[in-house]
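Asks: Just dropping this structure here.
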Amino acid sequence: MNRLMLRAKLHRATVTEADLHYEGSCGIDAALLEAADMREFEQIELYNVNNGERFSTYVIPAPPGSGVISLNGAAARKAHVGDLLIICTYAPMNDAEVATHKPKVVLLGPGNRIESVRKF
């Protein structure tokens, strides 16, 4: 049996841009993607701390060091610039993998700068 487990999380990311007319996705600073081990076109789940919205889209990289968290297309309707998000990826794992798995959590501060990286 496989279980869908948290693989990585960007915690308290601040939305910096929202572009309704872009074709879709979530732009994320490439340095944050590297820190969280997230990849271009990977599916992500987003949880808006400000309004409770929960939605999914996929990752596109933004310039490294830019601090960009950009919601594009329909996702732009789910948050406003300045809203706080939790951005997660999940992976299917068998029980043996679950027993040793430790999700990676990247805690963000002002300007979407990395405050700490933890494995639980």
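Placed from the backbone N, Cα and C atoms, the Cβ positions cover glycine too.
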Asks: To which of T57, T100 does Swiss-Prot also attribute binding of substrate at the site defined by G73, A74, A75?
Replies: T57
Asks: Run through the Cβ atoms and count how many others sit within 10 Å of the one on Y58 (active site, proton donor).
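Replies: I get 14 for this one.
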Asks: Could you say which of the binding-site residues G73, A74, A75 has its Cβ with the most other Cβ atoms inside 10 Å?
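Replies: Answer by Cβ density within 10 Å: A75.
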Asks: Around the substrate site formed by T57, G73, A74, A75, list the extra residues of the same chain whose Cβ is within 8 Å of the site's Cβ centroid.
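Replies: Going along the sequence, the neighbours appear as G24, S25, C26, F55, L71, N72, A76, R77, K78.
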